[in-house]
Amino acid sequence: MEVSQSQLDLKIKYLKLKRINELNDKLRDELQRERITASNACLQLIAYTTSTRDYALPTLWGYPPADTNHFRDFQTQHADDATCCTIM
């Protein structure tokens with residue numbers, strides 16, 4: 001009985017050590033992650049939204065050039081069709 005109790009104690013100590021080592025590894029990984037302040041993140045977000053054109057807001061950015069809108073080309077090619085779908 002004494003031998004099994006000591007083995008059990010060793011196993012518990014090993015599991016505790018393993019859990020502590022896993023937590024230590026997670027904390028090391030978190031320390032290596034790049035961090036920026038909230039104000040810098042806001043500035044980066046503002047810079048992105050003011051420099052990237054979003055044609056979903058035509059009042060702000062206007063409409064895309066005609067040669068870049070492939071949906072417009074598809075519409076003009078099939079405008080004379082009276083059907084709603086094409087069977088291939």
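Glycine is no exception: its Cβ is also placed from the backbone N, Cα and C atoms.
Lifted from Swiss-Prot, the feature list:
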type: LIPID; residues: CYS84; note: S-palmitoyl cysteine
type: LIPID; residues: CYS85; note: S-farnesyl cysteine
type: MOD_RES; residues: CYS85; note: cysteine methyl ester
Cβ-Cβ neighbours of CYS85 (S-farnesyl cysteine) (radius 10 Å): 6
Secondary-structure category, per DSSP, in which the residue listed as 'S-palmitoyl cysteine' falls: coil
